[in-house]
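In Swiss-Prot this protein carries:
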- Cys121-Cys185: disulfide bond (DISULFID)
- 94-193: domain 'BRICHOS' (DOMAIN)
- Cys28: S-palmitoyl cysteine (LIPID)
- Cys29: S-palmitoyl cysteine (LIPID)
- 147-170: region 'Disordered' (REGION)
Amino acid sequence: MDMSSKEVLMESPPDYSAGPRSQFRIPCCPVHLKRLLIVVVVVVLVVVVIVGALLMGLHMSQKHTEMVLEMSIGAPETQKRLAPSERADTIATFSIGSTGIVVYDYQRLLTAYKPAPGTYCYIMKMAPESIPSLEAFARKLQNFRAKPSTPTSKLGQEEGHDTGSESDSSGRDLAFLGLAVSTLCGELPLYYI
């Protein structure tokens, strides 16, 4: 046997790789674009994880709120009373800056306004064919405030209400106003405009 053939077998095998093994190579891309690509991928992954966590938290808090509401309602008669008001298309609520809240009840054709201090509540009957806009309601409210006060009468006695009438707050039944308007106005004096 030849001594030179043994030396050839003991040498390390040749390296056939195109570049160093420690570098990630994308053909036709400079180094600064590779770094930018890695940063963008990392940022997108972080954003996806954060959005996923926020959506899971929102879902959990919604389920908790629904569970608490179901436990607080509890009684079947309360559920029957609240069932018609669950339709979202019958009531619209608007916050007018810091001045107050307006509630449109399309099922009962009522519009209610409660100013921010919460000392009284204005209620206006709507016609089914002409529902007033927020601007029209605000103008009518300003006209009502500019008028001198008129004699008071009970709200809801008949269809022919007196404009500017205030209801008596002692022992009144606000069921005809509906849940949304009754909740908004509570025990405040009611003015029909």
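Keep in mind that glycine also has a Cβ here, set from the backbone N, Cα and C atoms.
The model shown is predicted, which means the values in this text are computed figures rather than measured ones.
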So what's the mean pLDDT when you look at the domain 'BRICHOS' (94-193)? 74
Cys185 (disulfide bond) and Cys29 (S-palmitoyl cysteine), Cα-Cα, nearest whole angstrom: 67
Counting other CB atoms within 10 A of each CB, which of the recorded positions Cys28, Cys29, Cys185 comes out lowest? Cys28
Sequence-ordered list of residues in the chain of Cys121 (disulfide bond) that lie 6 or more positions away and have a Cβ within less than 8 Å of its Cβ, or none, is Ala112, Tyr113, Lys114, Leu184, Cys185, Leu188, Pro189, Leu190, Tyr191
